[in-house]
Protein chains: 2
Amino acid sequence: MKVLAILYDGGDAAINEPRLLGTVENKLGIQDWLAAEGHELVVSSSKEGPDSDFQKHIVDAEVLITTPFHPGYLTRDLIEKAKNLKICITAGVGSDHIDLNAAVDHKIQVLEVSGSNVVSVAEHVVMSILLLVRNFVPAHEMIERGDWKVSDVARNAFDLEGKVVGTIGAGRIGYRVLQRLVPFDCKELLYYDYAPLPEAAAKAVNARRVEDLKEFVSQCDVVTVNCPLHEGTLGLVNSELLASFKKGAWLVNTARGAICDKDAVAEALASGRLAGYAGDVWNVQPAPKEHVWRTMKNPLGGGNGMVPHYSGTTLDAQARYANGAKSILENYLKGTAQEPQNVIVGLGKYETKAYGQR
Amino acid sequence: MKVLAILYDGGDAAINEPRLLGTVENKLGIQDWLAAEGHELVVSSSKEGPDSDFQKHIVDAEVLITTPFHPGYLTRDLIEKAKNLKICITAGVGSDHIDLNAAVDHKIQVLEVSGSNVVSVAEHVVMSILLLVRNFVPAHEMIERGDWKVSDVARNAFDLEGKVVGTIGAGRIGYRVLQRLVPFDCKELLYYDYAPLPEAAAKAVNARRVEDLKEFVSQCDVVTVNCPLHEGTLGLVNSELLASFKKGAWLVNTARGAICDKDAVAEALASGRLAGYAGDVWNVQPAPKEHVWRTMKNPLGGGNGMVPHYSGTTLDAQARYANGAKSILENYLKGTAQEPQNVIVGLGKYETKAYGQR
C-alpha cells in the first residue's frame, strides 16, 4: 500500500525541533510504524502542477494525507486519475482543499482530526481581536524603530470591554471563541449560524442569534469568521456585505481566506470602513509575495494582523493531529470503525452538515 | 489657584481625535471649566531638567496632575520647592513617579483614578500572554516582508491551554487578568501576593496562592507582573529570580518597568531562559532610542512584545480617567470627601497598603 503525505517543509527548524511533526522532515512521526507494517510512505511538499510529487504519486496512492497549512488541492480531475485512492486524511481541521462532491462520487472517504486544533484556532482568534482593537502592531513597530509617540498609537486603541462581538459560525471553533470572550464584559456576544445553538449552550455564553447576515454584521464592532469554506460561504464577506458593517469595525478570519473577498477587504480597510483585518488564512497558500493582504493598512497606517497559516499548527496542536491522523490510518488498516466526528465523507455520502449539506 | 498638568504631546493626532483627552492639546477636557471657575491651568509635556515647565511651575502650583504614560517625576527635592502644592492627581493608576514618603511628610495628598484603566491593562496582559505563547510577532513580520515559512513560526508557537500562568500581584489588575484567563483551560492559575485573596474570590478563578516567590516562578510557564512599584518591588525580577524561572517561560510586565531588572531580562531572553518578554512599561519613559528592550530577542529571533506605555490610555480609558481626574479636582475645590479607593496619601498619612506600607 502506498501512503502519500503532502506536508510543509520544515528545513533546519524541523531538524532541530522534533515536535514539528507536521513537516516533510518529521513525517507526522509515522514513518517507522508504516515501514514496519510493510507499507510505503511518500512524503513531499511539492504540490503544484503536473510535475509535482503530488500529481505524480496520487495516481497509485491508496491513502492521501494532507494538511490545511500547505494544502494539496485535490480537484475532481485529480480524483479521476487517482485510481487506487480510498481515503483522504486531513491532519488538522478543514477539508475544503478536497473536492468533496467528487470524493462522494468516487466513494473516497474523507476524514479529518476533529477537535485537534480547535482550541489553538480559538485562542488565535481572541488574540487577533485583542491586538486589532488595542492597536498592537503599530505600537510594537514604533518601539522597534526607536520611536515613542503614545498619542499616535492611543488614537486608534480601544478596549474590548463594552464592544459587540459576533461570530459567523458558532461551531467547534466559533463557540470556543465565545466561551473565551465571556469574562471580557463585551456589550453583547452575537452569532450567525444556520442552526441555533442548544439553549443551554447559548445561555452559558449569553450569546444572541441574529438570523439575517446583514443585520448581524451591522450590529457588530468585531466580526469573526468561524465557518467552513464551501459553495455557500465562498466570497460570503464581499463588498456588498462589507457595506453593511459598522464604520470602523474589526474583522478576524482564521477560517478560510476565500470566505472573504480579497480585494473588497483591502478596499474596506484602506477606506476605513474596516479599522482592522487579521487572520492566518489566504485564498491561495502559500500566499504570493505581492498579495495585497500582506501590507494593506487602514488610513492611520495600522489594522493589519496577518500571519501565515499556522494558528492550528502550534507544537501542541501538531502532537494532537499527528496522533489523530495515525489513529485514523490504524482504523482504516484494521477495518475498525472510525470515530463519527472525524468523518466528513463516508462511503459515497456526506456524514456531516458542516460543508453546506443541509 | 494654579493647576499644573504634565501630559504627553498629541500633535496632529490630538487635533484630529478629540477623544485623545490625555494630551497637551486636549487638556483632559477641563480647561474651559477651570477657566470659568477662575483658575489658571498650565499644561505642558516639558518635564525633564531645571528649565522644564514642570520644574518652573511646580514652585507655585496648588494642584499637580500627572499621568503614568509620560510621568512628571516629583522627587523629594521638588516637593520641598513646591511651597503651594496641596494635592497631586494621577490621571490613571500608579503614582510611583511621586515620592510618596515625601508627600506624607509635607502633607500633600496623592490621589489616583482607581479603576479607570484596570480593565484596559488587564486586556493588554491577556493579549501579550497570547501573542508571546503563540509567537505572533515573528509570524506577522514574516508576512510583511513577503516570506512564507510556516515551520519557522510554528517551531516556537504553543497553545495557552494546558500552561501554568501566575500573577505577581492579584489586586485590581492581576485579579482581572485571572478572571479573563479562566475559560482558556490553563493547567493551573497561581498568584503571589502579600495577602491571600478572599476565599470566594480565589474560588471564582480557581487560583492557588504560592507564598514563596522563587517557588512560585519555578512552577509557572507564564509569569505576569501586576503589582505597584515601591521599595519592596524595585528590581524584584532580577537575575537571581530569573534563574528560578522555568526554562523557556514567558514574562509579561505592564506594571512598572523598574520592577524588572533591565539587563537581567535582556540576558535571560538572549539565553533562552525566557522565551519571551512583553509589556508597555520601561524603567525610564519615554524609553531612550537605544534601550535594549526595544530590540532584544530570544535565540530563535522572536519573543519581543514591547510597546510604548499606552495599555491604560486607550480612548475608552482616557474618557474614564479624564472624568475621574475632574471629579477629584471638583471634590477638592468644594471640600467634599474623596472616594476612599482613590486616596493613596491622605493628609500626612498613607491610606492604602498598595505601595508597600503594611
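All residue numbers here begin at 1 and follow the chain in the order shown.
Glycine too: its Cβ is placed from the backbone N, Cα and C atoms.
In TrEMBL, annotation is done automatically, which means it is predicted and not curated.
The substrate binding site annotation in TrEMBL covers B:V93, B:N117. TrEMBL lists B:R172, B:I173, B:D193, B:P228, B:L229, B:H230, B:E231, B:G232, B:T254, B:D280, B:H309, B:Y310, B:S311, B:G312 with the feature NAD(+) binding site. Marked as domain 'D-isomer specific 2-hydroxyacid dehydrogenase catalytic' by TrEMBL: B:37-343. Taken from TrEMBL, the feature domain 'D-isomer specific 2-hydroxyacid dehydrogenase NAD-binding' covers B:127-298. TrEMBL lists B:R256, B:H309 with the feature site 'Important for catalytic activity'.
Here the features listed in TrEMBL are placed on the structure.
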| residue | record | CB count, 10 Å |
| --- | --- | --- |
| B:V93 | substrate binding site | 25 |
| B:N117 | substrate binding site | 30 |
| B:R172 | NAD(+) binding site | 18 |
| B:D193 | NAD(+) binding site | 18 |
| B:L229 | NAD(+) binding site | 23 |
| B:E231 | NAD(+) binding site | 9 |
| B:T254 | NAD(+) binding site | 26 |
| B:R256 | site 'Important for catalytic activity' | 25 |
| B:H309 | NAD(+) binding site | 28 |
| B:S311 | NAD(+) binding site | 29 |
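Listed binding-site residues: B:R172, B:E231, B:H309. Those with a CB under 8 Å from a CB in chain A, in sequence order: B:H309. B:R256 (site 'Important for catalytic activity') sits 15 Å from B:R172 (NAD(+) binding site), taking the CA atoms of both as reference points. Model confidence over the domain 'D-isomer specific 2-hydroxyacid dehydrogenase NAD-binding' (B:127-298) is summarised by a mean pLDDT of 97. Spacing of B:D193 (NAD(+) binding site) relative to B:N117 (substrate binding site) is 21 Å (Cα to Cα, whole number).
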